Amino acid sequence: MGYNKFRVNATRKMSKTLALTVLACLSFCICVCRAEDSAMENMVTERKVEDNHRQDSADLLIFIMLLTLTILTIWLFKHRRFRFLHETGLAMIYGVLVGVVLRYGIHVPRDISNVTLSCHVNASPPTLLVNVSGKFYEYTLKGEISASEISDVQDNEMLRKVTFDPEVFFNILLPPIIFHAGYSLKRRHFFRNMGSILAYAFLGTVISCFIIGLLMYGCVTLMKQVGQLNGDFFFTDCLLFGAIVSATDPVTVLAIFNELQVDVDLYALLFGESVLNDAVAVVLSSSIVSYQPEGDNSHTFEVMAMLKSFGVFLGVFSGSFALGVATGVMTFTKLRDFQLLETALFFLMSWSTFLMAEACGFTGVVAVLFCGITQAHYTFNNLSPESQDRTKQLFELLNFLAENFIFSYMGLALFTFQNHIFNPTFIVGAFLAVFLGRAANIYPLSFLLNLGRRNKISSNFQHMMMFAGLRGAMTFALSIRDTATYARQMMFTTTLLIVFFTVWVCGGGTTQMLSCQHIRVGVDSDADNSGSERRSTKHESAWLFRIWYNFDHNYLKPILTHSGPPLTVTMPACCGPLARCLTSPQAYENECQLKDDDSDLILTDGDISLTYGDITVSTDAVCVCAVGLWTVTMLNSVWFNQANNVIPLTLCNLAHVLDFPQRP
């Protein structure tokens, strides 16, 4: 009996031991399996990271090869003297070809591990946390796809990888293009036509924006009536579209003008308009976006909201202008003995102007443009000769690469962008509106400006300016920045087609248009630097800006560039201690020497005296005079006493004041 009881206890102990052993083995096996699963997951993750790295490298290689092919074709065209297609048009063609191959020629096998789940939520969150077997995974929203494309997720992913973040265009690619435009500006011809350029860039852009906006609103209303509109499209969207496509970029035309040496005044009018026009279009689009009436309906007309948007326009533009000029003036380097460091510091300070303006809520395009103009006028003279050459070549190279990269990407985006909306009615209406908006900009303003200009803007110049209103990098960058809504997607698609047409057709027909309009070519712009042409340049310059240049020569240049007459000579005797304090020894060495290729515009024969009726304006009070006259022309409400007759300051008189001296 006792033996049997002992045997039962032993059996129970063995059973417990065996059970514990089995449990331990099972636990060990589970741990090993989990470790193996974790190792497999890590291997899969590492493999995906490596595959993504290779894919990203291949995407960048595509663009590098596009640029390389574009450069080689440009060389061939220049060697054969082909002018029917510019390098930007070539870049777009190659981009289109690569986009077709990526869209229709390459298909990625479907990943069997992809899982499609349905989840009913009221909105699409930018970040999604998914619980998979107790582990949380973070997923980022990449965009909406249609139901018919669910089976092509891998192809969509491949196309999405060659699509860049729109902020890349604004923060990386646009700054060198805009800065180079200001840094390489031929200021002599620019300031000679300053009044006309301001009229085309500011007033003309606003006219074009509203003409296009009104016409497109009529087109959208018609589309609603016939049932061709599948989403919301408000009047503010039409105005925004007008602001976007009002930004001209005649890079193709200007390149041909420069190569053929077209009339310098026509070149200055087109180039100056396009430079300032881009800045105005950017600020105008920001002002339209900021339009926000009170109440539930944010698209109704309200006077206070409109005035607020107008105030935003003035505040953003003036703030960006002031920031750019201030940064340009403060960009002084004392590293002449270390040219590499000097060039690097100049480059970083210039680029930081754009980012600083964007961070402060201003517009980086305006800031970096006027920073470039200011640095070309002042800072450039303080650089060592080696750094002067390096900065010019550096920004010229960056401008060339960035511009061709953007145009290549435009061609690629025609087939790789996922949310194109092609609406024939909207596209035809947009082309017609752009044409009429450009005409309303050029012809009426040219007529009014010619009332006060001595050197008239001829009809063939006007036709050429009308024809040369190409759309380019700025229009594309503004349209791709926001493609979240139905209206913005349709605007982006249409904008892309407008850029293609103007670059290929208008840009390619520039040489033929010059011949048709009998515009002279082979004009040596350097001829203005000698003899009677130099004197003519002085007399044709806007007298308001001649006063400014005299003040600049006598006071600002000696302080900021240590060239020109010392302040001890130009400042009144009562300011002698201050003049000696501000005058450096280098200024005495460079006395009466201006290291600026625009010096022929600066009067060096003493003070100017300008007479209007019985009013005499002297440069002794040049600051007050300049500010006062600028305020007068802007407000358009002051009365001049001309030959004992009181006349209103109309737009004709405004052009006369800004662009040309008093008639004899």
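Using the three backbone atoms N, Cα and C, a Cβ is placed for every residue, glycine included.
Source: prediction; values computed, not measured.
Sequence annotations record features per position, and here TrEMBL assigns signal peptide to 1-35.
Feature annotation from TrEMBL assigns transmembrane segment to 59-77 (among others).
Annotation comment: TrEMBL describes 70-515 as domain 'Cation/H+ exchanger transmembrane'.
According to TrEMBL, the transmembrane segment annotation covers 89-106 (among others).
The annotation transmembrane segment is assigned in TrEMBL to 168-185 (among others). Remote same-chain partners of the transmembrane segment (168-185), defined as residues 6 or more beyond its termini with a Cβ less than 8 Å from a stretch Cβ, comprise 271-272, 274-275, 278-279, 350-351, 354-355, 358, 364-365, 368-373, 375-376, 391-392, 395-396, 398-399, 402-403, 405-406, 473-474, 476-477, 480-481.
Nonlocal intrachain contacts for the transmembrane segment (197-217), taken as residues 6+ away from its ends with a CB within less than 8 angstroms of a stretch CB, comprise 190, 235, 238-243, 245-247, 268-269, 272-273, 275-277, 279-281, 284, 426, 429-430, 432-434, 436-438, 440-442, 444-445, 448-449, 655, 658. The transmembrane segment annotation in TrEMBL covers 197-217 (among others).
Taken from TrEMBL, the feature transmembrane segment applies to 310-332 (among others).
Residues annotated as transmembrane segment in TrEMBL: 344-373 (among others). Beyond its flanks by at least six residues, the transmembrane segment (344-373) meets 170-171, 174-176, 178-183, 185, 187, 275-276, 278-279, 282-283, 286, 316-317, 319-321, 323-325, 327-328, 331, 333, 335, 379, 383, 387, 391, 394, 474 of its own chain at Cβ-Cβ distances under 8 Å.
For 394-415 (among others), the entry in TrEMBL reads transmembrane segment.
The feature transmembrane segment is assigned by TrEMBL to 421-440 (among others).
Same-chain residues lying 6 or more positions outside the transmembrane segment (486-507) and placing a CB less than 8 Å from one of its CB atoms are 85-86, 88-89, 92, 230-234, 237, 240-241, 244-245, 250, 252-253, 407, 410, 413-414, 417, 419-423, 426-427, 430-431, 434, 467-472, 475-476, 479-480. For 486-507 (among others), the entry in TrEMBL reads transmembrane segment.
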